[in-house]
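First up is the structure itself, then whatever we jot down about it.
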Amino acid sequence: MNPLQEDMESALTGSQSPHTSLRDVHSINPTHLMARIESYEGREKKGISDVRRTFCLFVTFDLLFVTLLWIIELNIISISLPGQTMSVLQIGKVNGGIENTLEKEVVQYDYYSSYFDIFLLAVFRFKVLILAYAVCRLRHWWAIALTTAVTSAFLLAKVILSKLFSQGAFGYVLPIISFLLAWIETWFLDFKVLPQEAEEENRLLIVQDASERAALIPGGLSDGQFYSPPESEAGSEEEAEEKQDSEKPLLEL
């Protein structure tokens, strides 16, 4: 916690106690407060916080990374011949190029052997999360919970029921990567984005409240202008009263 926030919180808590003094509230520097308010208002005008922007970039990376892996899979998939090892170039010649492989993956889609649905799952996560947290700027976890639950359930079912493991390394690399990215997005939003934005909002409220309290103080007063009157000498009031009492009989004579 920075020193300014500690000063503001101490001033606010002190204003609620019976020993509140004008000096405690005015001890906050108004110029510093205005600078802090302008900085927070500038962040609000940007429309999206830095941590939320980072989250949206990671969601975009999720889509691009899964797409890249899927394209690589389209280039290396082959109708493996028993006991033979072929290079990537030879595989492309045997399969007729990426066009035939793409047609087999998309047009002749087979749940048990195709990776196209994992790519569509990444597109689904991207659209839902960008719409929810970049366009609508939600401050709740329900959208990320939906995408993570759908991703986890689908991938678990596909790994159990499909025949992906018989197709080489991509049979388990692509599902595992997709599963991990979905859960990393959930962790990042729940433990980084939402708590940090809530903390920033609380700081803004504290600064605004403190600035309103400081505005109620007369501008002519400052820290150095608080003083106490000089103390009177001990017994001076009693001596004055005795003198007045001794003068009364003389006046009566």
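Cβ coordinates come from backbone N, Cα and C, glycine included.
TrEMBL has this to say about the protein:
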type     : residues : note
REGION   : 1-24     : region 'Disordered'
DOMAIN   : 48-236   : domain 'MENTAL'
TRANSMEM : 55-72    : transmembrane segment
TRANSMEM : 112-134  : transmembrane segment
TRANSMEM : 141-161  : transmembrane segment
TRANSMEM : 167-184  : transmembrane segment
REGION   : 218-253  : region 'Disordered'
COMPBIAS : 243-253  : compositional bias 'Basic and acidic residues'
Any chance the transmembrane segment (55-72) and the transmembrane segment (141-161) are in contact, meaning at least three CB pairs closer than 8 A with a sequence separation of 6+? no
Could you please provide the mean pLDDT value for the domain 'MENTAL' (48-236)? 81
